[in-house]
Amino acid sequence: MRNRSLSFWLFLTPVILGLGIVVVIPFVYGLIYSFTDWNGLTANNFVGLENYIKLFQEDEFMNSIWFTIKFAVITVLLLNIFGLGLALLVTRNMKTNNLMRTVFFMPNLIGGLILGFIWQFIFISVFGDISGITGIEGLSGWLSTTNTGFWGLVILTSWQMAGYIMIIYIAYLENVPKELIEASKIDGANAVQRFKNVIFPLVAPAFTVSMFLTLSMSFKIYDQNLSLTNGGPFNSTQMVAMEIVRTAFSDREMAYAQAKAVIFFLIVAVISLTQVYYNKKREVDV
Amino acid sequence: MQKDREKRNTRLLEIFGLLLALLWLSPFYLMIVNAFKTKRGIFEGVLGIPVEFTFENFVNAFAELEFLKSLFNSVLITGLSILIIILFSSMAGYALARNKSKLSGIIFFVFVAAMLIPFQSVMIPLVAIFGQVDMLNAAGLIFMYLGFGCSLSIFLYHGAMTGISKSLDEAAIIDGASRFQTFWYIIFPLLKPISVTVAILNTIWIWNDYLLPSLVLSEANATIPLKMFYFFGQYTKQWHLALAGLTIAIIPVIIGYFFAQKQIIDGVSEGAVK
């Protein structure tokens, strides 16, 4: 198909309109609006960097950024440990492999909003009951403090997404040639040595893929945040995505919220590009 | 002897794995058993099975959720979005893969680069623009899903096209087929495996999406997650009702998973690794 052929453009028109109207134009408008006093309908004045200066001075926004970074770091670690662990478990020669995969993956299919509500019940009522029976004080009052809210979100997200990361690791593990493992067994390598020297180097690309995925997933979390803690107590468990939604649609400070959204974009883009860069670099090295 | 030890280890691991799987399912167990309890039953204890077994919570939650209506809305919006994403993305993936020009490369790059933009970064102007042209409704929402869903889908179709020989197109064109006929009768059927992947990945996301519909749809057109949010807000601290509602909301997903688990897991694997 040549550029000038009408059919080339006809084939592309629907998606160009879709991406253009839904993503590109709002993105460009958003950039411009973030430097104005836009109220959702009209923008009367350019205010320069005012919105940006303001957001760096706002405690609530900076808190939400730190909270999100802390959450992302811990969740990325746990997700990859669980994901790899589960993948190693279900790639053994067992009859119940498929059953386990099905179970571990299941929470991914259900939305974060619904799962957050279920876990709200577990953290509040079930934990409360267990605490009453066993006398473990640490289990009562969950989600009522910043700390338990944080760990509640970490547990919910790890439980929900570990099966997804498991699937990624499985895809790489199953590409490890069986002969290689057999050969290393014959050479007398034990399980740890096999993992370290044979399996690990071959699944190393999986780390890049899943680090990238988990990091950007945990940065963009909104539904789980809304349904589990709703940002509480006192907005202390509010992540960046929720902060932006609130500023825009509860406080109706559109231009200011958009400035936050631009900062959010920059953070997510830098994370993604760094990962892509390392991915490419390693491919070249290999 | 080595073999025996390995067998025993595997057996132990299997038992551990199954216990872990039970633990994984425990949130669903707790949801379901407590959905069958009365309000007092939950107050008396949440761990055991119901003493006083009741089905009433489900009847009430089903009515309160207007479940058939929200199910219909969810099916309609997800279904139509998937159809247009598959049709338009496969056309674009085909056109971009068959045109080797620089311009084609740039267009492809723009679609891939757009995946970097998080939803919250465009959400506010998007809602403002659609509001101004009166398109904050189901049709507008479906169009938005095309915009957000096409990048990854085009990427997947573009990759799949490399495995389809160009001589197929040429033969069809010589036989007098138009470009669209060539695509529709020759290429599109060959893309079926990747279409399944595209359908699965987008269904998981669109079916469960909450934020975008909450900004676009009125309560009358609410999808399941949206309705669930209103419902839950109304019945906080009435866990017997809330849990029955949550159970009902999950049932369609579980049925879908039961029938298509292999395709779903394969599709997710394919979408993530590429």
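Any Cβ shown, glycine's included, is placed from N, Cα and C.
In TrEMBL, annotation is done automatically, which means it is predicted and not curated.
The annotation domain 'ABC transmembrane type-1' is assigned in TrEMBL to A:65-275.
Under the heading transmembrane segment, TrEMBL lists A:7-32 (among others).
For A:65-91 (among others), the entry in TrEMBL reads transmembrane segment. Distant neighbours of the transmembrane segment (A:65-91): 97, 100-101, 104, 150, 153-154, 157-158, 161-170, 173-174, 195, 207, 210-211, 214-215, 218-219, 221, 236-240, 267; these residues of the same chain sit at least 6 beyond its ends, with a Cβ under 8 Å from one of its Cβ atoms.
The annotation transmembrane segment is assigned in TrEMBL to A:103-128 (among others).
Counting residues 6+ beyond its ends, the transmembrane segment (A:148-172) has Cβ neighbours under 8 Å at 67, 70-71, 74-75, 78-80, 82-84, 86-88, 90-91, 101, 104-108, 112, 115-116, 119, 123, 141-142, 202-203, 205-206, 209-210, 213-214, 217-218, 221, 224-225, 228-229, 232-233, 236-237 in the same chain. Annotated transmembrane segment per TrEMBL: A:148-172 (among others), in sequence order.
According to TrEMBL, the transmembrane segment annotation covers A:198-219 (among others).
Here the transmembrane segment (A:261-278) has long-range neighbours at 30-31, 34, 52, 55, 65, 208, 211-212, 215-216, 219-220, 240-241, 244, meaning same-chain residues at least 6 beyond its ends whose C-beta is under 8 angstroms from one of its own. Annotated transmembrane segment per TrEMBL: A:261-278 (among others), in sequence order.
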